[in-house]
Each structure stands twice: as structure tokens, then as C-alpha cells.
Amino acid sequence: MARIAKYFGLVPAGGAGRRFGGSIPKQYAMLGAKTVLEHSVEALLADPRVEKVFVVVASDDSTALALFRGNSQVTCLPLGGQERVNSVLNGLNHLLENLLVGETDWVLVHDAARPGLSAAALKSLIDQGSEHIAGALLAVPVADTLKRTSLAQEGEVIAQHTVPRDHLWAAQTPQMFRAQALSMAISECLYKGAQLTDDASAIETLGIGPLIVPGHVENMKITQAEDLRTVARLLGLHQENFE
Ligand SMILES: Nc1ccn([C@@H]2O[C@H](COP(=O)(O)OP(=O)(O)OP(=O)(O)O)[C@@H](O)[C@H]2O)c(=O)n1
Ligand SMILES: C[C@](O)(CO)[C@H](O)COP(=O)(O)O
């Protein structure tokens, strides 16, 4: 009898938050009464099918360990790498090599910096992604006109031409794929020198397109400092301060 696939979260949380600035990495900034990371992890656990969440942190990061101490559904892995893709692959391979995740189990890779994921969007992703051979990702359709730009001598950003936006979607996370397939796809891409900013792009190189499942604005990524206030407003959270 075929083994029923399980679902696990994998949260890359090993970034330095350079664009965000501040004294601490953005995943540890307070958003309401909890850290950004706690919101993102709890958002993944909102679906009962997600059995456990593995958080990949920088090798010298003890903050996450303290945050989730005693929580049997969350395990921190000090396996952060140079880039997001390295953190994802390091975590994924650790889980596979230690049989913590089966080769055909689903792994939902979700940015620590996306605390606003809704339970409804997560449910849709799992419901629909589980039925699609190449997995799935949340994304939102591009609504703005897009410009390809150049930098002028004084540093001004100049619009050069407009990029057609039909069939353009902005990828969010979670992005869900079979564990072994994702590991192999990422490894192959890195071996070939590809620069991967998300997980779906590795799967796409296999010639099989992941399914796009509509995301939502509250699931935006906290990148710049002002994004923290924006997400707090979108989630109706009171912000005592912005650290
Ligand atoms: N070496 C890295 C870089 C990023 N991430 C994680 O990947 C997610 C998305 O990355 P990004 O928003 O770029 O975060 P940072 O790399 O921290 O931001 P910056 O590029 O501004 O430094 C974040 O949850 C971040 O913690 C990671 O696990 N390991
Ligand atoms: C994975 C991602 O959030 C999808 O949009 C995005 O690619 C992460 O980019 P970052 O530069 O690592 O934040």
C-alpha cells in the first residue's frame, strides 16, 4: 500500500536583513506581541496537516532556539547558508539524510519574513498543490505597470521601457514540493551556477511547471523597515514600537 505523504514546513530564517537595517535581523523584530518569525511559523502550523516546522537559522543564532523551546512542533536547525537557497538546501538535505522527512513527503518552504500568511491561503495551497505533479506556490498577479530601468550618472533611476505584465505573477511563499525532487532540482541548479531566489525556479528547470495558487497582500515579505509597519496595519496589529 502506498505510503501517505506527510506535510512539513521548512522556514529559511538565516538572513541578516540588510535591506531592513536595524540592530537585529528582521525575523526577530516585534510584530504586535510576537516576533516576525513566530508569526510565520505559527501561520504554517495553522493547517492541521502540517505536522512539524523546521526553522533554518544561522549557525551562531541561539535566538530561535529560545523562542521555540518546549514546542514539540518546531525544530531549529543551525544550518543557515550564504544565500536563502543554501539555507533551504542545507535544511532539506539534513531532513532527508536523517529520515526526518520522506523523499515523497511535501515540504512547504516559507520565508520567515512573511508573517501574514492566512490559514485560508495555506489551505488552498495544500489542497490544490497536493493534486499537482509539480507542486505549487502562492503568488499574486502583477497589477502595476512594470518598468525596466537604468541608472543615470547622478544615480537617478530612469525608466527605459515598459515590460508587458500579462501572465506576470509575483511569487510569494509557501512554495510546496516533494522533498527529494526539490533537493535534486536545487542541487542541479547550483551545480550549473544558477542564481535561485526562490524554490519554484529550481523545479521549473525540470520542465514541469508548479501550480500557481492565488496569495494575498497580507502575505507580503518584510524587506525594508517600513514593511513592518505596513504588515502590522494589514494585520490590524498594534505596534508599540518598530524594533
Ligand atoms: N542566507 C540566507 C538569506 C535569507 N534567508 C531567509 O530567506 C528569507 C527571504 O530572504 P530575504 O527577505 O532576502 O531576507 P534577508 O536575506 O535577511 O534580507 P537581505 O537580503 O535584505 O539581507 C528570509 O526569511 C531570510 O531569513 C536565509 O534563510 N538564509
Ligand atoms: C522566495 C521569495 O520570497 C519569492 O518572492 C523571494 O524570491 C525571496 O527573495 P529574497 O531576496 O531572498 O528576499
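Note that Cβ sites are derived from N, Cα and C of the backbone, with glycine treated the same way.
Since the structure is predicted, the reported quantities are computational estimates derived from the model, not experimental observations.
If you look up TrEMBL, you'll see ARG19, LYS26 marked as site 'Transition state stabilizer'. Look at TrEMBL and you will find ARG165, LYS221 tagged as site 'Positions MEP for the nucleophilic attack'.
Location within the structure of each feature annotated in TrEMBL.
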{"residue": "ARG19", "record": "site 'Transition state stabilizer'", "Cβ within 10 Å": "12"}
{"residue": "LYS26", "record": "site 'Transition state stabilizer'", "Cβ within 10 Å": "27"}
{"residue": "ARG165", "record": "site 'Positions MEP for the nucleophilic attack'", "Cβ within 10 Å": "13"}
{"residue": "LYS221", "record": "site 'Positions MEP for the nucleophilic attack'", "Cβ within 10 Å": "18"}
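Each residue contributes its Cα atom, and for LYS221 (site 'Positions MEP for the nucleophilic attack') and ARG19 (site 'Transition state stabilizer') those atoms are 12 Å apart. Cα separation, ARG165 (site 'Positions MEP for the nucleophilic attack') to ARG19 (site 'Transition state stabilizer'), rounded: 26 Å. Proximity to ligand 2 (Cβ under 6 Å from any of its atoms) holds for these recorded sites out of ARG19, LYS26, ARG165, LYS221: LYS221. ARG165 (site 'Positions MEP for the nucleophilic attack') carries neither a helix nor a strand DSSP state and counts as coil. A Cα-Cα distance of 9 Å separates ARG19 (site 'Transition state stabilizer') from LYS26 (site 'Transition state stabilizer').
Secondary structure at LYS26 (site 'Transition state stabilizer'), as computed by DSSP, is helix.
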